[in-house]
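These features come from TrEMBL:
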- A:20-41: transmembrane segment (TRANSMEM)
- A:40-558: domain 'Cytochrome oxidase subunit I profile' (DOMAIN)
- A:62-82: transmembrane segment (TRANSMEM)
- A:102-127: transmembrane segment (TRANSMEM)
- A:148-172: transmembrane segment (TRANSMEM)
- A:192-215: transmembrane segment (TRANSMEM)
- A:275-298: transmembrane segment (TRANSMEM)
- A:310-332: transmembrane segment (TRANSMEM)
- A:344-368: transmembrane segment (TRANSMEM)
- A:416-440: transmembrane segment (TRANSMEM)
- A:452-473: transmembrane segment (TRANSMEM)
- A:493-515: transmembrane segment (TRANSMEM)
- A:594-615: transmembrane segment (TRANSMEM)
Amino acid sequence: MLEKIKSFASEFFVTGDPLILGAQVSIGLTMVALVITLTYFKKWGWLWREWLTTVDHKRIGIMYVIAALLMLFRGGVDALLMRTQLAMPNMQFLTPEHYNQIFTTHGVIMILFMAMPLMFGLFNIVVPLQIGARDVAFPFLNSLSFWLFFWGAMLFNVSFVIGGSPDAGWLAYPPLSGKMFSPGVGQDFYNWGIQISGIGSLMTGINFIVTILKMRAPGMKLMKMPMFSWSVLASSATIIFAFPILTVTLALLMLDRTFGTHFFTLDGGGNPMMYINLIWMWGHPEVYIVILPAFGIFSEIVATFSKKKLFGYKSMVFALMSISVASFFTWVHHFFTMGSGANVNAFFAVTTMVIAIPTGVKVFNWLFTMFRGRISFETPMLWTIGFIVTFVAGGLTGVMLSVAPADFQLHNSYFLIAHFHQVLIGGVAFGYFAGLYYWWPKVFGFKLNEKIGKWAFWTWNIGFYLTFMPQYLVGLDGMTRRVSTYGWDTGWFGLNLTSTIGAFIMGLGFLFQVWQIAHSVKFMQRDTTGDPWNGRTLEWSIPSPAPLYNFAVVPRADEQDPWWEEKKRREQGLPPAPAQPYEPIHMPKNSPIAFIKSFCWFVAGFGFVWGWYWMAIPGLIGVGVCMLVHSFTYDNEYYIPVDEIKRTEAALRGTV
Amino acid sequence: MMAQANGHAQTQGHEHGHDGHHDQEELRQFGFWIFLITDVILFGTLFATFIVLRGNTAGGPGPELFELGGIIASTFILLTSSFTSGLAVLAMNRGNKQGLIGWLIVTALLGLSFIYLEVTEFTKLVHEGANMGTSAFWSAFYTLVGTHGLHVSVGLVWMTALIIQLARRGITPVTKRKVNIVSLYWHFLDVVWIFVFTIVYLMGVM
């Protein structure tokens, strides 16, 4: 019996690696500490009532951001481990197997479990406030999206200590990711983890399209809508067309692995290249899904910190929407080397280059917005300027890669690695940092410390250039991606060492940000205005943090920058519009079903990963029961009475 | 505070419901349309996969195993069920609760017989030596047709739950929206089936 348990445990848990053992111990200790803290301070009820069951978009947004920052930490540690291994030739720090796992999880986590939730966090925090709505269109679905993401991410991350991480690359190309070459459970964790969180992403896309199209404040025509909301609309539209392809692709790979089908196998008539086409039909739009909202963030920040109306509003909208459409017609540029022929490659090379046009339009719009503006350089603006420089250069190397003949040389070299990190860090990460700094006071009611923020900005930027500029060169020198080591004779040592030093400087930048948050919480200076940046859009017209119902009275928005115009009118001494009487506010009730249902998905996924149908089937039944219970629940709304609104508003506006 | 125009709650009837709030039922119906777009993409991807792999029988059995008789029968059953779900909505719009529930039951029974025929067909094919793992062609076949069947089965559970809710609560704005959505879903599955019938079966035996 004991022997049986021992042999099961040795297969179930990842054993024999001191790094992972250390992680297992620290995960165990953290969990124990968490349980003890919550019990000691009697916070379980609070956690359940205020967070786990909440349908409030602001709280869901905060949970997304916290989860994303934790994932940023894990993905960042993965990156530093890889850079340590590559610092010198013939390093023995990581075994090749371990290295494969780390580059796989680094990619998946950074795109799907860091960038996506950070983006959804900002959607949730900002969009309803910006368009003058009291919540998203489907608050319950919103919490379901979050918890599906959360439990999907848990399922993916648990593979690190239980069963072993996936190691077939972040997009898991077959036949390597098939059962024949990846017999372990790691790849199954990948399939189910991403599948479950992907369903959540799809539903968020639907939710925000409906929210933006149907719930804008009276008077806010589409062409008067703030640019961030436009970018969310563009991104969500891309989500609803791209994510179903991911769902199908992962499902087919799962069927191949679990039920012996022949979609992507080498035998039985399967076609591995079809997987690569399908995954990039999702994968390419996916990178635009994450970059478009960053463009929106920059547009808000540039206008606010230049104290000017955004230049070229209409062309900005046109650029966003055309990028979102064009993103579906470029996927083959990820594998020009497939051999699809000169005409096909030429088509996709041209479509790829075409994307540079609307992107260029946006860059010039931002520059012209700054032109003759009264610019102030607070942290959100610094990140924006850092972005423009970095992203333009990264975009240019992208155009170089889009030249199909050149790509035959550059394909899968470090040149490519440098390119996509430059647009993803310089574009997406910088963008979301800028957004976090910008909207932080709206969410929490205080600004982050500017001085430490500037240290973080400069360490991140210097670290970034030090890491990735050498990678372009080492790529041109012939170093390919995903090699776990190299010899002295290659001549790659100096560039790799520089790159590693840069990566640690970026890590230092992250530590500065953690310190910045801790410092700003400790020496908190409450913002009582609700409008610390002299903002332009509706979210700055209400107190920070916003009350549960956001707007006591639904605002009107007849201009492009309604709050800015309102402030101008007040300065001119024009009488404010007569105050509207409060009315009872209709709100959705909290619901535990989203949390429980997503947990059931986790159980089902875990069961499928191990082939334990005694676990998977009850999990799926649990999902079905949750759906039915939700369908039969009619009592899911309530009204906030006028008295309570009056009390809350008086307290928030300091007139008690 | 913001410029709040006088009495916008009254004048914004088209954008807002009776008390300045959004019409939840209308939002949900709109959201379901967008969900259907995603489902179109999902089936589109499966159809594309099937078309790419339809010649890849790897020397094993191919579409010659199809027996069109049963397929045509199930096609007519599903088309009829789409018609009866339309009759259910008409009954609902007339306020006829009994008629609504009755037609929904007829629709669900027709859906059930469709599923029964599909399961029979699949069992027969497996006995003839064509299962999911036989070749890429059969993998793509079972996945595409099975995904449609799974959708129909989910629709059946959903319709049953809705019939119970209707019996308990009658026709209210909420149940009305739910019936509208389920019937949208049902028509959508019917349209998908037309494509399955044409691309998988008719083009298979031609």
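Every residue gets a Cβ built from N, Cα and C, even glycine.
Below 8 angstroms of C-beta separation, residues 72-73, 76, 79-80, 83-84, 86-89, 433, 452-453, 455-457, 459-460, 462-468, 470-471, 473-474, 477, 479, 486 of the same chain, each at least six residues beyond the ends of the transmembrane segment (A:493-515), sit close to that stretch. For the transmembrane segment (A:310-332), the residues of the chain that approach it from at least six positions outside its boundaries are 223, 227, 230-231, 234-235, 237-238, 241-242, 277, 280-281, 283-285, 287-288, 292, 295-296, 299, 302-303, 338, 340, 344-345, 347-348, 351-352, 354-355, 358-359, 361-362, 364-366, 368-369, 371, 560, judged by C-beta separation under 8 angstroms. Against the transmembrane segment (A:20-41), stretch A:148-172 has more CB pairs under 8 A than any other of A:102-127, A:148-172, A:192-215, A:344-368. Among the listed stretches A:148-172, A:192-215, A:416-440, A:452-473, the one sharing the most Cβ pairs under 8 Å with the transmembrane segment (A:594-615) is A:148-172. Residues 12-14, 20, 23-24, 27, 63-64, 67, 71, 74, 97, 100-109, 111, 113, 116-117, 120, 181-182, 184-187, 189-201, 203, 253, 279-280, 283, 482, 598-599, 601-602, 605-606, 609-610 of the same chain lie 6 or more positions beyond the ends of the transmembrane segment (A:148-172) yet place their CB under 8 Å from a CB of it. Counting Cβ pairs closer than 8 Å and at least 6 residues apart in sequence, the transmembrane segment (A:275-298) and the transmembrane segment (A:62-82) reach fewer than three and form no contact. Remote same-chain residues near the transmembrane segment (A:344-368) are listed as 295, 298-299, 302, 310-312, 315-316, 318-320, 322-323, 326-327, 329-333, 336, 384, 388, 391-392, 395, 398-399, 402-404 (criterion: CB distance under 8 Å, separation of at least six residues from the stretch ends). Outside the transmembrane segment (A:62-82) by six or more residues, the chain places 19, 51, 93-94, 99, 102-103, 105-106, 109-110, 113-115, 117-118, 120-122, 124-125, 146, 149-150, 153, 157, 436, 443, 503-504, 506-507, 510 with a CB less than 8 A from a CB of the stretch.
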